[in-house]
Amino acid sequence: MARRPLPRILSTGSAQIARGRELARTAADSATDVLHPLISITRGLRRLAAAGRRKWADTPKDRRGPLLFLVASVVLVVALLPYGPLLAVISVMAAAAWHGREQRTPPAPEGPDESQAERLNSLYEALVPYFSLAGDPSPLYAHGGEWQKAFPEYAFDESGRVTQLVIRYPAYFTDGEIDSRTRIEQLLHAKCGRGREYHFAWDEEGNRLTVTVLPPLPTDVAAQRFVTAPGETVLGITDPTQVRRTLPLTYGEEQRDVPPVVWRTGVRSTEPHLLIMGQPGSGTSSLLRSIALQALHHGDVVIVEGGTGEYACFTGRKGVLAVECGLTGALASLEWAATETERRLIAANRARQAGHPPPEDTRRPLWLLLDRPSAFAPLAAADGRKDPQSLLQVPLRHGRAANVTVVVADQFDHADALSDAVRQHTRARVVLGPATADQLAGVLGALPATTPAVDVPPGRGYARLGAGPVHRLQVPSTPDPYDDETGEADREAVLALLPPRTTPLEAETIDPAHTDPVEAEPLDTDRFQTQPDDIEPTDAEPTAVNPTDAKPLDMKKAPVEEEEPETEPLPTKAVAAEAP
Ligand SMILES: Nc1ncnc2c1ncn2[C@@H]1O[C@H](COP(=O)(O)OP(=O)(O)OP(=O)(O)O)[C@@H](O)[C@H]1O
């Protein structure tokens with residue numbers, strides 16, 4: 001079929017439009033050149049007017065009158081002077097032209113300067129033995145080779161140190177092997193400058209490694225009410241690299257949005273229990289306190305501590321069912337918790353079978369927080385009693401369905417004393433403080449993609465939820481408000497988050513015998529409304545429990561409300577700390 005010619009307007013129109021555009025552009029350029037002084041003066045006048053407005057707004061109200069008077073006097077004097085108005089206009093125009101001139105910043109030099117190029121070259125040379133293979137016909141890495149091909153992207157800070165680097169490597173490099181990766185990461189850490197934390201992102205498909213210098217996580221995050229949904233607990237803050245969500249946090253006067261590590265608990269959680277490990281003084285107790293403060297917002301808490309008595313501030317508070325420091329108290333509380341877990345399961349099961357929703361008293365979250373439970377193991381063995389950890393089996397196994405969450409904090413040195421159930425069922429993990437690669441891999445099940453900080457502040461570490469990525473973590477500072485060394489701001493922040501007391505202050509006491517597990521007095525298990533005979537052996541499966549034996553417990557009757565008679569008042573510093 002013969003082609004018909006395009007209509008004239010279509011074939012010649014585009015050429016005309018292009019010519020028209022060119023003409024318009026030339027005219028605009030010429031006009032800009034001619035009008036340039038006028039444009040500068042107008043811009044300057046705008047800037048002067050804005051500066052005047054700012055000055056006026058900054059002037060306190062009581063000084064505005066005198067200022068107005070001064071300006072009016074100057075205008076009057078100038079108007080009365082011979083040639084005054086003309087000189088004034090000329091001065092204003094000159095000032096406007098000066099302020100309206102374009103301030104062009106010199107363009108940044110392209111490519112690295114000499115010292116930066118030298119750094120990149122030495123980095124390249126250091127990588128040659130790792131990324132080259134004899135017999136490679138066109139090696140990417142070779143002594144005396146070109147670093148430009150190996151490092152397609154790079155960035156430096158003002159001091160000339162690398163802040164970001166993309167490294168290409170040959171496909172035969174074994175980037176799937178942890179040892180090979182670790183060797184490269186260690187080398188880069190040393191060559192790019194120690195004393196900073198680096199993030200390594202291995203792109204195995206693209207054969208690229210991206211090295212990024214991470215800014216230190218802020219250490220000034222105070223305890224505060226976090227904006228979270230029920231069932232969410234903030235473990236701390238992290239980097240924005242792996243977490244999309246942000247949380248508004250208050251830092252003194254200002255508010256910042258930061259990426260948090262949020263742990264979800266409850267029926268739908270895939271990591272219903274948490275294990276926290278660290279060196280002494282690394283902040284594990286602070287994290288437990290932070291979790292307790294958040295848990296008390298929606299649930300009840302039982303605290304068992306084999307450590308140094310840093311939970312006295314929780315005693316007698318609404319929702320705190322027990323704060324136990326002695327072996328007997330710990331056993332009683334955990335036996336109750338195991339029975340309560342069974343009771344909840346059975347009640348929920350019955351309700352399900354009857355076609356009803358789960359009863360209200362099975363849905364309120366119950367938290368079992370254990371600080372250094374390993375300390376009880378030798379005491380229990382010496383006394384011929386159960387290790388309290390053995391009572392955690394039921395809450396750990398079936399806690400998810402019963403809304404019971406277990407958090408265990410312990411020290412690396414005592415990791416061997418942790419029971420199998422604790423190891424097996426705590427799928428959310430946190431490591432705080434300095435830790436070796438073996439310790440990190442042992443607890444987290446994977447190594448972090450970041451190098452460790454030189455000085456690890458308390459509360460700094462890593463968190464991993466299930467099989468997810470390892471996050472850097474900084475726990476909000478949640479010190480013991482009754483500790484003399486706690487700063488006033490931190491003390492007030494923690495006290496403000498504590499729930500109200502359920503016992504009058506003067507009735508609240510700390511039993512000195514409780515602070516030492518060795519000398520712990522036997523506690524009255526009646527406090528939990530459960531007779532020892534009623535308690536089933538807790539390592540039995542709930543399905544094996546005779547439903548009639550598991551008696552419902554009255555959760556409203558908190559154990560702390562029934563104080564033992566021979567007790568001493570709270571230390572005066574503690575009382576003084578809470579006095580308004
Ligand atoms: N997140 C944090 N931010 C700032 N300081 C913290 C943080 N966590 C802990 N600290 C400080 O570090 C010190 C030790 O904290 P903590 O008692 O929680 O550690 P720990 O691991 O429980 O050690 P220990 O078992 O020896 O008491 C305390 O003085 C505390 O104020």
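Cβ atoms here come from the backbone N, Cα and C positions, even for glycine.
Quantities reported herein were computed from a predicted structural model and do not represent experimental measurements.
Taking a C-beta cut-off of under 8 angstroms and a sequence separation of 6 or more, Gly278 (ATP binding site) has the following same-chain neighbours: Thr284, Ala409, Gln411, Phe412, Val431, Leu432, Gly433, Ala435, Gly461. What TrEMBL records for Gly278, Gln279, Pro280, Gly281, Ser282, Gly283, Thr284, Ser285 is ATP binding site.
Summarising the annotation, TrEMBL assigns compositional bias 'Basic and acidic residues' to 551-560.
Feature annotation from TrEMBL assigns domain 'FtsK' to 258-441.
Feature annotation from TrEMBL assigns region 'Disordered' to 503-580.
The feature transmembrane segment is assigned by TrEMBL to 67-98.
Counting only same-chain residues at least 6 apart in sequence, those with a Cβ under 8 Å from the Cβ of Gln279 (ATP binding site) are Gln411, Phe412, Leu432, Gly433, Pro434, Ala435.
Each residue in Gln411, Leu432, Gly433, Pro458 lies on the same chain as Gly278, Gln279, Pro280, Gly281, Ser282, Gly283, Thr284, Ser285 and has a C-beta within 8 Å of the C-beta centroid of that ATP site, without being one of the site residues. Taking Cβ-Cβ distances under 8 Å and a sequence gap of 6 or more within the same chain, the neighbours of Gly281 (ATP binding site) are Gly433, Pro458. Look at Gly278 (ATP binding site): DSSP puts it in a strand.
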